[in-house]
Amino acid sequence: MDMQVMICFAITILLMVLFIWDPYKSIATTTVLGVVLFFITGCVDEEVVVSSFGNTTGILTCTMFVVTAGFNKTQFVKTLAQTVQRLSKGSLTLVLLGYSIIGLLLVQFIPSILVVFCVMAPMLAATVETMGYSPSRVMFPYAALLISCVVCMPIGSGATEYAIYNTQLEALGSEYRAGIFDPFMGRWPVLVAMFIYCIFIAPRFTPKEPVAAIMGVEEQDTKGRAKAELEKPKLNSFQEASALIIFFGVTLALIIVSTVELPIQLDNWVVTMAGALLMIFTGVLKPKEASRALPIWVWLMFVGGLVMAGALTNTGAGEIIGNTVAALVNTFQNTFMYYILLCVGPYICTNFLNNRTTTFIFYPIAIQVCEALGANPIGSIICVMAATQSAFILPTATSTVVYAMGAGGYDLKTMLKMGWFPTLLIWVVLAAWLSIIYPVF
């Protein structure tokens, strides 16, 4: 093993430690540190760094956040929730069914599960309480469903997920490319399984009364984020209509651009950027609101992931990792066990890092393993993504779990009791399905 490979490994391990420790309380700072270290040690050259910062998928992701921020100002969500309450007629299952359908649609459009939960949880709690039930019956199933199925459909932000896959595949020199429907095709069985479990089965195993003090969503959010979401000023009729037309128009355009050969050159990032500008021009968003909606830390994480992928490729460290893991997997010679193992690693890391950090660490590893095995890596990328979304037990996994624990009155022991089975359910369903459509052996 030459010195350059050892340096690359050392930096990668250092970054993982810093991501877990988080001494700067800023993932973006750690990410930029990694970019600098990879560059000054010669693991990547200037071209890799510059191209990573200018990658069009990063532009696509950031501008889509602006578009969804405009959509989130509409009364669309509140109107749907009120309709569900009228139609449920006192049935807890029907209430959870209605709110789950709305929530599932929203987490495809709004990539922040926390925002969706903060908006929907108070309405869900109020609805079940008027029916004589405690929020503890429904908060965990609702949160688990939203977390496990975020951006799994080819609509809204989910319509851009394949582009992130392709950027990683291209950065690592893979000949494979994902299509816009591939993430959905890989994850739809998980969506169906969790939908059935969380609505019809999980409420039987949730506590009838809270085991800890129930906290309002507003009380848990020290920065007032949830309260601001619930008390945001209404748009006028023109702005309301404009926001809905722009949002759904952008979603439809992304699907068309990705699936239909057009007579003009039109890239997906142009569509989302145009949508973001229209949200400002129509008055749906003020320029300052649009600026605040830009997820700079997400963009920097994306850039850092590309630079890390470049470093692993350039130094040969990625190939060593891939060959080592491939040798381990080869001892099983079983595709199902391969995908189960690929679920465990990202799941564990997600409980200490965040979902995006974990995916950008494991995407290059999964791709390199498949390259070493001569297999299609798209299934492995989908597996990594889905595995990170199965972490909904510990509050360290995602802030949505923290809010769900407060809104439902759960303690950690209760979360473990409620969460172990759906976690295993996701792994088994995912591994079984991916073994069929993306066999490794």
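In case you wondered, yes, glycine gets a Cβ from its N, Cα and C as well.
According to TrEMBL, the transmembrane segment annotation covers 5-21 (among others).
In the predicted structure, the domain 'Citrate transporter-like' (16-327) carries a mean pLDDT of 83. What TrEMBL records for 16-327 is domain 'Citrate transporter-like'.
As annotated by TrEMBL, transmembrane segment applies to 27-45 (among others). If one looks beyond the transmembrane segment (27-45) by at least 6 residues along the same chain, the residues whose Cβ comes under 8 Å of a Cβ in the stretch are 4, 7-8, 11, 14-15, 18-19, 52, 296-297, 300-301, 303-304, 307-308, 310-311, 314-315, 354, 357.
Annotation comment: TrEMBL describes 52-71 (among others) as transmembrane segment.
The transmembrane segment annotation in TrEMBL covers 91-121 (among others).
Through the fold, the transmembrane segment (142-165) approaches residues 57, 60-61, 64, 68, 96, 99-100, 103-104, 107-111, 113, 116-117, 120-121, 124, 178-184, 187-188, 190-191, 194-195, 198-199, 202, 247, 251, 254-255, 258, 268, 272, 302, 363, 378, 381, 385-386, 389-392, 398, 400-401, 403-404, 408, 419, 422, 426 of its own chain, all at least 6 residues removed from its boundaries and within a Cβ separation under 8 Å. Taken from TrEMBL, the feature transmembrane segment applies to 142-165 (among others).
Annotated transmembrane segment per TrEMBL: 185-205 (among others), in sequence order. With a cut-off of 8 Å between Cβ atoms, the residues of this chain six or more beyond the transmembrane segment (185-205) that come close are 92-93, 96-97, 100, 104, 137-138, 140-142, 144-145, 148-149, 152-153, 378-379, 382-383, 385-386, 417-418, 422, 425-426, 429-430, 432-434, 437-438.
Annotated transmembrane segment per TrEMBL: 241-260 (among others), in sequence order. For the transmembrane segment (241-260), same-chain residues at least 6 beyond its ends with a Cβ under 8 Å from one of its own Cβ atoms are 64, 67-68, 70-71, 73-74, 76, 109, 154-156, 159-160, 162, 179-180, 235, 266-268, 271-272, 274-275, 278-279, 282-284.
Under the heading transmembrane segment, TrEMBL lists 266-285 (among others).
Look at TrEMBL and you will find 297-316 (among others) tagged as transmembrane segment.
Positions annotated as transmembrane segment by TrEMBL: 336-353 (among others). Within the same chain, residues 19-20, 329, 359, 361-362, 366, 379-380, 383-384, 386-388, 390-391, 393-394, 396-398, 423, 426-428, 430-432, 434-435, 440-441 sit at least 6 positions outside the transmembrane segment (336-353) and bring their C-beta atoms closer than 8 Å to a C-beta of that stretch.
Marked as transmembrane segment by TrEMBL: 360-387 (among others). Within its own chain, the transmembrane segment (360-387) is flanked in space by residues 16, 19, 148, 152, 161, 165, 168-169, 171-172, 174, 176, 178, 182-183, 186-187, 190, 301-302, 304-305, 308-309, 312-313, 318-319, 321-323, 325-326, 329-330, 339, 342-347, 349-350, 353, 426-427, 430-431, 434, 437-441, which lie at least six positions past its ends and keep a Cβ under 8 Å from the stretch.
The transmembrane segment annotation in TrEMBL covers 419-440 (among others). Beyond its flanks by at least six residues, the transmembrane segment (419-440) meets 140, 144, 148, 185-187, 189-190, 193-194, 197-198, 202, 329, 335-336, 338-340, 343-344, 347, 370, 373, 375-376, 378-380, 382-383, 386-387, 389-393 of its own chain at Cβ-Cβ distances under 8 Å.
Proximity of distant same-chain residues to the transmembrane segment (297-316), defined by a Cβ-Cβ separation under 8 Å and at least 6 residues beyond the stretch ends, is recorded for 4-5, 7-8, 11-12, 15, 26-28, 31-32, 34-35, 38-39, 43-45, 48-49, 51-53, 55, 57-58, 61-62, 65, 164, 167-168, 171-173, 356-357, 359-361, 363-364, 368. Remote same-chain residues near the transmembrane segment (91-121) are listed as 64-65, 68, 71-72, 77, 80-81, 83-85, 127-128, 131, 133, 137-139, 141-143, 145-147, 149-153, 155-158, 191, 195, 198-200, 203, 217, 221, 225-226, 229-230, 247, 251, 398-400, 403-404, 407 (criterion: CB distance under 8 Å, separation of at least six residues from the stretch ends). Here the transmembrane segment (52-71) has long-range neighbours at 35, 109-111, 156-157, 160, 163-164, 166-167, 243-244, 246-247, 250, 267-269, 272-273, 275-276, 279, 284-285, 289-290, 293-295, 298-299, 302-303, 306-307, 310, meaning same-chain residues at least 6 beyond its ends whose C-beta is under 8 angstroms from one of its own.
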